[in-house]
Number of protein chains: 2
Amino acid sequence: MSGSKCARLQGARLQQLLDSVDSILFDCDGVIWRGDQPIPGAPQVINLLKRHGKRVFFVTNNSTKTRRMYADKMSTLGFDVTEQEVFGTAFCCAAFLQTACGLRGQKVFLMGSQAMRQELEAVGIRQTGVGPDHVSGGPGDWANVPLDPEVRAVVVGFDQDFSYMKLNRALQYLIQKDCLFVGTNRDTRLPLEGGRAVPGTGCLLQAVETAAQRQAQTVGKPSPFMFDCLASQFGVERERCLMVGDRLDTDILLGSNCGLKTLLTLTGVSTLEDVEGHEKSGCEERRKMVPDFYVESIADLLPALQG
Amino acid sequence: MSGSKCARLQGARLQQLLDSVDSILFDCDGVIWRGDQPIPGAPQVINLLKRHGKRVFFVTNNSTKTRRMYADKMSTLGFDVTEQEVFGTAFCCAAFLQTACGLRGQKVFLMGSQAMRQELEAVGIRQTGVGPDHVSGGPGDWANVPLDPEVRAVVVGFDQDFSYMKLNRALQYLIQKDCLFVGTNRDTRLPLEGGRAVPGTGCLLQAVETAAQRQAQTVGKPSPFMFDCLASQFGVERERCLMVGDRLDTDILLGSNCGLKTLLTLTGVSTLEDVEGHEKSGCEERRKMVPDFYVESIADLLPALQG
């Protein structure tokens with residue numbers, strides 16, 4: 001990476017960066033943990049950053065957990081975190097529907113998890129749709145499937161009960177021009193240990209968009225909503241904020257889109273080869289995915305925080 | 001449509017066109033029938049064309065019926081048709097897997113209908129996957145779902161049992177680089193009476209492609225395979241062949257792609273406004289969707305065939 005814009009973060013440069021920021025946003029999976037195991041050293045880094053007076057936030061595109069569930073998991077793994085510091089897409093999607101769409105007291109068709117249902121209910125939004133929806137009859141029946149006249153929006157998150165009938169029901173709502181259309185995120189795969197992966201929300205959203213011939217608004221990274229959500233609530237100054245993530249196309253792009261400093265950690269999805277590919281592309285859009293700095297692991301921040 | 005390339009087909013021009021062709025390909029839904037009702041006059045047109053010595057074929061992207069099922073339906077509706085004249089994507093997909101992919105005696109993962117299973121079996125291709133596949137466990141279980149080691153291809157057609165687990169299983173097969181990937185067609189919606197519609201195979205295929213980060217080969221219109229399939233079997237001369245359809249993006253584009261004369265009928269999906277949009281676009285790709293001629297209904301062919 002000689003001559004690269006993306007510099008390894010260590011020594012004086014590390015100390016300088018930490019001095020220049022007040023708030024640090026961390027992606028979760030691949031950054032502070034992998035599956036159910038913390039990245040070695042990550043809990044100490046987070047806890048020491050807070051002890052040094054930094055404000056720390058967690059921003060994740062995963063829509064299968066509530067803030068409460070994340071805070072509990074983090075606590076179990078040794079992170080000293082409150083639920084107010086967690087911004088997952090289940091919570092942020094509910095916040096978006098409430099604030100940007102004005103849907104408090106209204107009802108949505110939810111293709112998503114029980115966690116999403118809970119976060120929606122917490123802001124006074126009712127839902128129909130959670131759980132299995134099996135097909136019966138033929139095309140004529142599907143086109144005339146009963147719709148809930150109160151539904152104002154179709155909301156798509158990760159849904160392990162995704163089925164043809166759910167896709168069809170979403171289409172029947174979205175044929176109504178005034179029905180809003182919101183997705184949590186566009187991640188195409190959920191990466192797992194050993195290079196394995198399962199289909200992500202992006203696949204489900206793509207199917208619904210193709211049927212509806214409409215594009216959903218999405219709240220997850222790299223859309224700026226998640227940052228705006230926490231920034232407005234906590235008065236975060238973007239010039240003094242660092243985004244730390246393992247994915248160039250979501251985490252680093254969010255940081256670039258919002259004018260934050262960006263740090264790639266190599267414990268997850270993206271590699272330095274990916275960085276180089278974007279850097280050499282000569283494409284403005286792809287160059288936004290080049291981070292300012294990289295570390296092998298966020299444990300590399302420890303030397304600047306200890307002693 | 002004054003000054004348009006697309007002329008209304010009637011009178012001397014109609015007689016001239018019929019004299020200039022030996023073979024006529026008809027799309028089915030929206031052209032010769034709508035749902036379970038024949039387009040008025042369509043059975044007479046088809047039967048008279050055959051009596052006048054024209055060869056008639058039926059090419060449909062619908063993958064939910066076998067050739068036999070189509071011939072039975074046509075016979076019930078008054079069309080004098082044999083199953084050898086019907087080219088649906090269930091049959092053509094099986095033919096593609098057999099001839100282009102060399103999969104006779106092999107096994108595929110089928111996301112599709114019982115009709116597709118039957119057409120596959122008829123050419124000696126076994127399948128796994130037809131029917132419901134419900135989710136259980138969590139991401140770790142999904143990523144390690146048992147795969148059939150004999151499977152050589154993932155085949156996607158219309159599947160009313162489409163589910164997250166099926167999507168996941170398709171992804172796990174397609175992560176294997178040597179696994180072939182074939183789709184019947186890309187129609188995003190199945191249009192029904194009264195402007196209603198349900199999601200088409202294109203939505204399901206898009207979800208699988210997004211997960212797999214690979215593009216499927218498709219056999220349906222506008223891909224030339226369906227024409228090549230019938231042309232090679234019946235020795236059809238493309239210069240003396242007419243394609244009749246109600247959709248510009250599948251039927252008419254197939255005709256243009258294969259060098260056939262093209263006729264749009266207005267009893268289905270596309271309109272003269274759509275034609276004009278393509279014609280005025282100045283885009284080479286879109287101009288391929290402008291038909292040579294149009295009729296209000298294929299019943300407009302009757303005057304040239306009677307008396």
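Heads up, the Cβ atoms here are built off N, Cα and C, so glycines get one too.
The structure displayed is predicted, hence computed values, not measured ones.
Per TrEMBL, Mg(2+) is bound by A:Asp27, A:Asp29; the candidate from A:Asp187, A:Asp228, A:Asp246 named for the same site is A:Asp246. Here A:Lys221 (substrate binding site) is compared against the recorded positions A:Asp27, A:Asp29, A:Asp246, and the shortest C-alpha distance is to A:Asp27. Shown in sequence order, A:Asp27, A:Asp29, A:Gly30, A:Val31, A:Leu264, A:Thr265, A:Leu266, A:Thr267, A:Gly268, A:Val269, A:Ser270 are the residues of the chain, 6+ apart in sequence, with a C-beta less than 8 angstroms from the C-beta of A:Asp246 (Mg(2+) binding site). Each of the active-site residues A:Asp27, A:Asp29 was scored by how many other Cβ atoms lie within 10 Å of its Cβ, and the smallest score goes to A:Asp29.
Annotated Mg(2+) site A:Asp27, A:Asp29, A:Asp246; additional same-chain residues within 8 Å of its Cβ mean position, judged by their own Cβ, are A:Cys28, A:Gly30, A:Val31, A:Ile32, A:Thr60, A:Gly245, A:Arg247, A:Asp251, A:Thr265, A:Gly268, A:Val269. Within 10 Å of the Cβ of A:Lys221 (substrate binding site) there are 32 other Cβ atoms, across all protein chains. In the three-state DSSP reading, A:Lys221 (substrate binding site) counts as coil.
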